[in-house]
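Take this structure, written in structure tokens, and hold onto it; I'll ask about it next.
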């Protein structure tokens, strides 16, 4: 039975009248999450230390991991949840570099999320010995995959433009050159069907607070290809990644497969909210989601370009070259976005001039798209950003 | 006005009749935490992305850090909350090693919590080039601080025995030898007054789910001595440790001082529970807490040794040489602890033969201590652990 997107909106607790096109930054509250969190608080109060076993807290990183694994095409048993995406990037990159001895170049692009680049920078500085990050423009990545490259580190969907890389093609090219590929799925997981197995990804990482709706600061995930699972070393070798954490050995022995990418004590309360959010995803057909997302995005793009020709579309038009976000460029983008938000149409802004709109079909339909087009047209036509209140360039998160 | 410990118990939601002596593993639920968490869920639902600024989520790591900073004697503005303790150990050690160029030995002891040793092992393996971890017995640490040592990495209170290191003396010795000192306060913060400033600690780290009652998997903290704040490099250089995270620069520029030890997006929901837990601590005089803790521990030790001479006390008797936990050794310790737990006296067990009891005066008084003594005496005298159900050596968390 096809997913009923007219019904899924009721699964979220969204403020009445709000047109929320920022789920690519922070997804909304799933209605069951309050109760799930209250239950986790009860478990803490009632079971205390016993909650680790009796409430199953200790097993959650793997269980939640596998539910995300289904959405990204990872093999069962090869995804775990924990930490933040930045930490997961570090783990994946350190492991991947160790699997390609003798090479020292990490190739990424200028469209990668800065934190991925920063984490790589920190790791490579520590490794020293000629290790270096090579950055090229997104369009130049394919040609830059040479036999010098140890690891290709990319975010599949550009956080500003919404441009989507061709994961299978670039991964194949990396493998042909003897390199490994790490894919950051921050703007992919929950945005469209991902298949890291068919795509050949060696490692995949992502966050759960965007399209997956896991809550502010929800834990991240990491998936490792089964062929590397027992060979990949754990650089952040914490006790919960140990083969037998409760033996309290003095030396580290890596846990089985992806388990070694667990680090410290799992974030039980945060995982409760994520658990509720994933209940919704368990019932979603990702192909249906993609069709719906493309239809809504096309409607938005056409509506905006017809009504406001001065906005420059920076997201590729071809379906296979974009994620589930639509971005426009305008010199007054920051102030215009503030004016939009003040009118109940929430997107966000990324420097220097990008207005981003996330299309999440679980709670966005034609009505929201049409209203966003109308309000955007009004703001742009009437220069509503000329209100001085919108001109303060405060940090936008 | 002295802290009224008869009143503080009512601040926690503890199961009726339970004698909970395991707050050194996971502290109980503060009564206000449910409501605080519900409020955080409301903020997520209502403010969505706006919560980062409007609900102050983004500032919480520093605000919570400073409230913990007061309990451990850190200078205001030099403590932040986030990640897990294992990650914070890694950050502190990587930074400390960079501050002592030319030395490659990390000195620790066999009483350190294994995850600290594992994280050091992973870091030192990555650094290579002669970097090594040197482990000695806790009593031998002082003599092992030689001019080869780069960093002294210790947990102040031994997680098994409750033995407390002399932080000022060992730190002074480390400094005299040209080394730095990192103190893990997992079993110190909230257990007794700590003064990392007077003690000279270069870095201090700890977790918040034990004595501080922040909740299962609550985030950790790191404090840096002001003299290193601007010099210490960030190995885990995530975007929220960047000087200007929302500028989205392609290169990392460390944030000011301890801010650079923030990594990824902060765990908003987990921080809400910790916030409620710290409200209780804001009103506690730590010297009062220490006196109360010692009096209760003395009562427990005397009661147990009088009633059950076959139990061997492994915690030092001298007040200045112990934390707020009392441990006994017994060959049947695991099974005996299960029998105790079945009778509503909850301590825990650490291999191979240690029975641990945490003394948290906020919710433990004379009545609980006396009952624990009585039940322990009964279990040991009647060999109640001979119930086969208690002999399965399941992992104890």
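Any Cβ shown, glycine's included, is placed from N, Cα and C.
Keep in mind that TrEMBL annotations are predicted by a computer and have not been checked by a curator.
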Return the residue out of A:146, A:155, A:161, A:171 that TrEMBL annotates for the same pyridoxal 5'-phosphate site as A:85, A:86, A:113, A:114, A:115, A:116, A:184, A:187, A:209, A:239, A:265.
A:155
In terms of Cβ proximity below 8 Å, which recorded positions out of A:155, A:187, A:210 neighbour chain B?
none
Given residue A:155 (pyridoxal 5'-phosphate binding site) and residue A:210 (N6-(pyridoxal phosphate)lysine), what distance in Å do their CA atoms have, once rounded to a whole number?
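About 14 Å separates the two Cα atoms.
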Given the binding-site residues A:113, A:239, and counting only Cβ atoms in the protein chains shown, which has the most within 10 Å of its Cβ?
A:239
So among A:85, A:113, A:115, all listed as binding-site residues, which is physically nearest to residue A:210 (N6-(pyridoxal phosphate)lysine)? Use the C-alpha atoms.
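So, spelling it out, the nearest of the binding-site residues is A:85.
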Restricting to the chain of residue A:187 (pyridoxal 5'-phosphate binding site) and a gap of 6 or more, list residues whose Cβ falls under 8 Å of its Cβ, or answer none.
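Counting only residues 6 or more apart in sequence, the Cβ neighbours of residue A:187 (pyridoxal 5'-phosphate binding site) under 8 Å are A:24, A:155, A:156, A:157, A:158, A:159, A:162, A:210, A:211, A:323, A:324, A:325.
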Specify the count of other C-beta atoms within 10 Å of the C-beta of residue A:210 (N6-(pyridoxal phosphate)lysine).
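Taking every protein chain into account, the count is 28.
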